[in-house]
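S.K.: According to TrEMBL, the protein has these features:
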type	residues	note
COMPBIAS	251-268	compositional bias 'Low complexity'
DOMAIN	1-212	domain 'TLC'
REGION	226-274	region 'Disordered'
TRANSMEM	86-105	transmembrane segment
TRANSMEM	141-163	transmembrane segment
TRANSMEM	183-204	transmembrane segment
Amino acid sequence: MFGFGFSVQGAYVGEELLRLGIQGYESRLDTACSEWTPWLWNTRHCWYNYPYQPLTTDLHYYYILELSFYWSLMFSQFTDIKRKDFGIMFLHHLVSIFLITFSYVNNMARIGTLVLCLHDSADALLEAAKMANYAKFQKMCDILFVMFAMVFITTRLGIFPLWVLNSTLFESWEIVGPYPSWWVFNLLLLLIQGLNCFWSYLIVKIACKAISRGKAGKWNPLHVSKDDRSDIESSSDEEGSEETPRKKPHTATTTNGTSGTNGYLLTGPCSVDD
């Protein structure tokens, strides 16, 4: 339908489609696990009778799915093209895995479910935006990226600190009192919030550049626009035309996105101008 055939670009669309399906399924589980729970509407219920709270079957399997997904993201970083934000993403995956494991072992599944719900809410829009970018649907990519940015900033800079961090820092202290795991759990959550602030700043920066110049900035940490994989795609396109630059070295092109071999990246707001 999109005319990808067996191209490299089509393979990346297939990868994003798989991730989109996983994110959609996780979002459905988010809703199913928290829709009828009292702690969704009143976070104080996360701490009543703690730590003697029963762990339901759906929460157990939800945690297993989330933990497996983050482990897969961590390992895939070493097999995928190394991007400029490799260290930051690795830190994020490492902290997320430790946080999920720590909250499960300490029976903090109730508040952990809320944390996962908020952080999963924008992911599906991001994967859809990347698919639109690879499919050369630039206007759709722009719309999806704006929607993603709005949801990301609202949930992670608004709802998460005012709703979840308020509960873990103050309500838990009031109801349960200080306990050893309280310090570790909140330290990890604050580290996640620091990463959220950093990424939100970069998203706003990219959006401002897109508005002012009509194209994305040089570094898109969320890979909606051109990333390091585009260099590989450009290189594969140039293999068939290597003889021409040899005859005329002064006309040799590069694979940094300015040669036109990946021309669709230069035509829309989701492009990168090196």
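The backbone N, Cα and C atoms fix where each Cβ goes, and this holds for glycine too.
How buried are these features, and what lies next to them?
M.R.: Same-chain residues lying 6 or more positions outside the transmembrane segment (86-105) and placing a CB less than 8 Å from one of its CB atoms are 63, 66-67, 70-71, 73-74, 77, 111-112, 115-116, 181, 184-185, 188-189, 191-192, 195, 198, 221.
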S.K.: Report, as numbers and ranges, which residues of the same chain sit near the transmembrane segment (141-163): CB under 8 Å and 6 or more residues beyond its ends.
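M.R.: Here the qualifying positions are 43, 114-115, 118-119, 121-122, 125-126, 128-129, 132-133, 193, 196-197, 199-200, 203-204, 207, 210, 224, 268-270.
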